[in-house]
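Taken from TrEMBL as is:
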| type | residues | note |
| --- | --- | --- |
| DOMAIN | B:1-104 | domain 'HPt' |
| DOMAIN | B:366-573 | domain 'Histidine kinase' |
| DOMAIN | B:575-707 | domain 'CheW-like' |
| MOD_RES | B:His47 | phosphohistidine |
Amino acid sequence: MAKSILIIDDSASMRQVVAMTLNNAGYDTVEACDGEDALGKLDGRKFHLMICDVNMPRLDGLGFVRAVKDNPQYKFTPIVMLTTEAGDDKKAQGQAVGARAWVVKPFQPPQLLAAVAKLALP
Amino acid sequence: MNLDMALQTFLGESRELLTDLEDGLLGLSGDAAADAERINAIFRAAHTIKGSAGLFGLDAVVAFTHIVESVLDRVRAGDCTIDEALRTLLLSCRDHIAELIDACAAGAPPAALLERSAALGTQLQSRLATPAVVQAAAQQIEPRAIATTTDGHWHVSVRFGSEVLRNGMDPLAMLRYLGTLGTIEHVATLTDAVPPLAELDAERCYLGYEVTLRSNADATAIADAFEFVREDSLVRVLAPDCGSDAYLSLIRELPEADDRLGAILLAAGVLSPAELDAGLTRQRQLDTTEVPGHQPLGHILVAEQGVSPAAVNAALEQQSRARGSEHRQIRIGADKLDELIDLVGELVIASAATSLRATHSRDAELIESTQALGALVELIRDSALNLRTVPIGETFSRFRRVVHDLSRELGKDIELVLNGEDTELDKSIVERLADPLTHLVRNAIDHGIEPVEARLARGKPARGTVMLNARHDSGSIVIEVQDDGNGLDAERIAAKARERGLLRADQTPSEQDIFQLIFEPGFSTANAVTNLSGRGVGMDVVKRAIEALRGTVEMSSQAGAGTCCSIRLPLTLAIIDGFLVGVGDGTYVIPLDQMVECVELGGSQASEARRNGYINLRGRVLPLLHLHEHFAADGARERRENLVVVNHAGQQAGLVVDRLIGEFQTVIKPLGRLFAAASCFSGATILGSGAVALILDIPGLLAQSSGAGERAAA
C-alpha cells in the first residue's frame, strides 16, 4: 500500500505541485490548507509523513508541529518543513519544537523527494 | 495533472492574495491589535506569492517580491511602521507584482517592467536597514558534483542522538534510504548504549550502526542520507580505498571500546586482522599515553575469543566469496534486455523465412542446415526470454503485509498461504499483475472470509485462509487467489445481474456463467460499501487488466466453502509457437499450445458439419466454427476442409479452416487501437513471405461464436 503523506500549505498551487510530485513518486497524499485544517484531517488516520509550510493563517506551521508532538498517536510522525524561511532564527524555533527536516522553497522535485525518502521510502 | 494546471491555480491564487494584500493595506486603521493581524496577513500574501512563484520558475516575480517581503518582515517585527508614503509605495508594488506575474506566465517579462522592478526596489531598499540581496538566483540548488568515484565499498558509522525518535526521525527509514544509493552489504547494530530495562526510556534512541555500503554515489550524497539528524548524531563516512589508517582513527573516535569496533570491522570484512594489528600497534607507539602491556588488538580479539579464528576466517572467506560472486552476477539495464528480446524476435522471423525458402527450394542440404539453425534460434529465444523471467514469490510475499493490515483493520483472523512461489514468469507480466492481484486479495479478505463468529457457527476454524497459488499449465501460467470463506451466492448474483440489466429475466445460465457476471462493468454485490473494496473499482478492472496481458480470469465457488479466482496467463508476451492455417485468401496463426489435433473434414461429413454446427468426434459432440464464414473471407472455399481442434480452459471446439500450413514460430506484433474491438485477434505477425497473418485469440473467438450462437437461438 502506498505511503500516505499530509501536505499542509495555504497556497493551493504549492499543494498541487507538491502533491503532483509525490503522487508521481508513488505516495498517497492528503491536503490541508492550514494547521487547523490539518489537525481536523488527522482524525485517527495513519500518515507516514507530513509536509508543512511555516507561514499560514489560523494555525501556523510551528503551532501545528507543537500540537502534533502533543498528540500521542502522531508524536513520532516525521514532519518536513517546506518553507521560504531560510533564516537561522526561524530554523532554531523549528528545532525547538522538534521540526528537524527543513526544505527551502522553491524546491526542485528531486530535492523534495530525496528529503521525503530519507524519512519514508515510497 | 500537470504543471500547467498548477500554474493556472497559481495565477488564480495570486490574484486572490494580491486582493488580500490590497485590502490589508487599505484596512490599516492605527489600532495596534487589529493592525498586527492585518500586517501578518499582508506579509503572508507576499510570502506565499514568492514561494509559489519560485516553483514555476517565475524568477522576476520572486526577486521583486522578496524585497517587498523583506520590508514587510521589518514592519511585522516592529522595526518600521507603515506611514502614508510606504502604504502608497506598497500599493504600487502590489500592482507591479500583478503585472509581473501575468507577464512572466505569458513568457519573458518586457524590459520596461524589469526597469520598474528596479526603480520600486530602490525605493523599498531605503526602508531596509541592510539592503536585501536579491536571492532568487542564490536559491537555486547547486547541481550535485557528479560522482567520479567508481563503485566501491563505503563505510558509514552512525550513532543516533537520543532525541531522534521524538523528532519524528526513524533510523530504519534512513538506513532504507541509504539502501537506495547502493547495496547495503553489511549492517552491525550497536546496542552498547541501551541501558538496563528499568532505566530504558522507550522514546529515546540508543542505537548506532556500522554499515558497509557498495555504491557509486559521492560522499556528500551518502552523508546527506542523515542530513536531518546530523545536528544531534554522530555520522562518519569513509570512502572506498581510504586505507586502514582512516578506519583506525574512526575506531578511536567512536564511543565504543576499540576491540568491539575492531571485531565489527573484521566481521564486515573491511579490515583484515593483520591490518588491524599493524595499525593499532603503530598508533600506540606514537601514543604517549600508551597503557603498558597492551597487546595488539587483533591478537587480543583472537586470544580472548572476542572473535574466534574461525569467525575471522569465515568473515574473510565470505568477503572473497562476495568479491567472487560480483563477477558472476552482471547488472544490466532492463531496456538493454528488451532490445535483445526485440532482436531475438526479428531473428525468429528471419529464421522462419529462411526455412520457408529452403523448403521451397527442395535442396535437402539447405533444408537440413536451416533446420539446425532453426533449432539454435529456438534455444536462443528460450534463453533470451528466460533472462527476463522472475519468480513470482516476490510479488506474492508483498501480500503478507496487505493481509496482515487488512485483517487487523476488519477484526478478522486470516492466514496467507503461498504455493508455487518459484514459478517464473515474464517480468513485464509480473509488474502488471500486482494491481489486479491486490484487488482480488482484498476482495477475498473483505467479502470472502466471514467474521470469526460466523466461521465458528459454520464449524470452520476461526482462522480464515487466503491462498495464493502459481503453477505452469500447458504453455500458460495459472495463478489462483483462493479463500475458504463465504463463497459466491449464485442466486444473489443472478438477481443483481437482472436488476442491472446484465441478464434477461428469461435467461437461466449455468452457475459457472453466473459467476463470470461479476466481471461485468458496474457490478458489485457488497451490501455495505466498505472502506476496502467496493470503491467503484470493480472486478471488471481486474478482468481488463488480465485481458490486456492476453490472459483470462475465471471464478469458481462453492457456497459456504470458499471461492477461487484463477488467472491464466501466457508465459511471455513476445513470442509464441503458432500453427499456420489458411482461410480463403488469408493466413491465420493459431497458438500451438491451445491446439489439440487436426482432422480432415471431407465429403458427407463436411456438409453434415455445416448443417448442424457440430460433429461427432469419436463419440463426443464438438461444436464447430466455420472461419471462412465467420470472417466472411474472400476467395473460394476448398472442397476438402480441415478441422483444428482447440482447447481452452477445459472447453474444446473445432475451427473449420481451408488449409493447414504448418507449425510456425512467431513474434507477436500488437494490433493498433483500431482493432481494439476485434477480440478474436490477439495480434499480428509477419510471415517469411512478408505477408501479414493475424493471430487468433482462442478465448475471444470462442466467446464470440457462443455469443453469436445464443443470438441465433434467441
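Cβ atoms are placed via backbone N, Cα and C, with glycine included.
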Summarise the domain 'CheW-like' (B:575-707) as counts of helix, strand and coil residues per DSSP. 30 helix, 69 strand, 34 coil
Need the DSSP three-state call for B:His47 (phosphohistidine) to compare against my parser. helix
Reduced to three DSSP states, the domain 'HPt' (B:1-104) has 88 helix, 0 strand, 16 coil
Could you please provide the mean pLDDT value for the domain 'HPt' (B:1-104)? 82
